[in-house]
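Q: Okay, so TrEMBL annotates it like this:
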| type | residues | note |
| --- | --- | --- |
| TRANSMEM | B:20-36 | transmembrane segment |
| TRANSMEM | B:42-67 | transmembrane segment |
| TRANSMEM | B:88-112 | transmembrane segment |
| TRANSMEM | B:124-148 | transmembrane segment |
| TRANSMEM | B:160-181 | transmembrane segment |
| TRANSMEM | B:226-249 | transmembrane segment |
């Protein structure tokens, strides 16, 4: 379980998060939505301790997060932009991350699943954006942690890989994991999320199920419901 | 931290630049020995080169590596690894690979020339130790600059300026102030001013060991007079050590507070 308590963060004068309180339940898929620059990534990075908040606390399984970052052992994180050291090969990178984390990992099934076998010996700088994202997914899902955080997991993926990803997320959910995901692809979110949080101007605007959001905005599909919120707030 | 150090080190060893650097020192070593034909004379020439060049290369390599390994750093930051381990590990990776290039690049020609039978061996060792320390100091300073500046161009400019200031401008300003204030007692001022520049400090350190009073200059003479040769040597070494410890400590401090 993740609990966020009164989280504040600004970059210079630019206030990104202004008092976020959130409780993410033990099991299920939790989607964080919001317009560009609403603080989705900042919130995720705060949970991971990559961003140092001005104010507020974050608790994971009741334990306050420590600045040494060792609690990340129980979190699998997929960064938004798949940036890797260019002079490493795919295989080397996987090996390195396994070595650094020092936990059990099962990468072979995932490599098969995303069809990465022909790329294993290629340098990361020579891979296309979509292939890099697949590598990114392998690196995230090869560990068996209780919490999975995915920042824009669909970026650059082809339809086959996207289906694979959806299946993968469903499988992880079935194992009883907590999955936190941000995305701009509403159909993707609609298909997988149990609960959504809508961030607007650094605050939580809405939290609940997709059904509740539809009722609140009198719209049939999620895309229109979100657009409705944004228009109302001139965002 | 050792794992990070290992990966940074391997990464650098595989890159072309380490070899260019190594080759440069090899050529420099052979050419100097060829021209001087004498080990102890070559050591003096080498000192002048090391004192200017090693800081420059440490600075540029440090900034370059930091900016180039941004992706690697971001990847590491999401792993269960302490921030200080990431940054100190990377710093040591760069600094140690540079030190290795220096020691091998200069050591090899001198050893082939019969360093071990020569009396210059201690002078030469001190030269390498000073070179190693200057590398550690300037790589650490470069990391500091890069940590404070997100903008690459700015970071590079500040790093080059820092080198230019400490290697060239500092001495000019120092000399100027000596001339302007010549009627005042300047011993203490000189001593303090020297301590604040690791390049000056290294120069004095080596000259004290070589015992060439003609080359010591005003600052060196004051240093020598104040501390005496052996205490002077150790206090200069101690100051250089401080010049490593403080920037490294600041890397750790700054990295702890930075957002990624």
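Backbone N, Cα and C define each Cβ position, glycine as well.
Each of these features: where is it, how hidden is it, and who are its neighbours?
A: Same-chain residues lying 6+ beyond the ends of the transmembrane segment (B:20-36) with a Cβ under 8 Å from its Cβ atoms: 42, 45-46, 49, 57, 61, 98, 101-102, 104-106, 108-110, 113.
The list of residues near the transmembrane segment (B:42-67) in space but at least 6 beyond its ends in sequence, with Cβ under 8 angstroms from a Cβ of it, reads 8, 12, 17, 21, 28-29, 32-33, 36, 90-91, 94-95, 98, 102, 106, 110, 120, 123-124, 127, 130-131, 134-143, 145-147, 152, 155-156, 159-160, 162-163, 166-167, 198-199, 202-203, 206-207, 210, 212, 215.
Long-range contacts of the transmembrane segment (B:88-112) within the same chain: residues 1-9, 11-13, 18, 21-26, 28-30, 32-33, 39, 42, 46, 54, 57-58, 61-62, 65-66, 69, 73, 124, 127-128, 131-132, 135-136, 139-140, 143, 248, 251-252, each at least 6 residues beyond the stretch ends and with a Cβ under 8 Å from a Cβ of the stretch.
Long-range Cβ contacts of the transmembrane segment (B:226-249) within its own chain (Cβ-Cβ under 8 Å, at least 6 residues beyond either end) map to 88, 91, 130, 133-134, 136-137, 140-141, 143-144, 187, 191, 195, 198, 201-202, 204-205, 208-209, 211.
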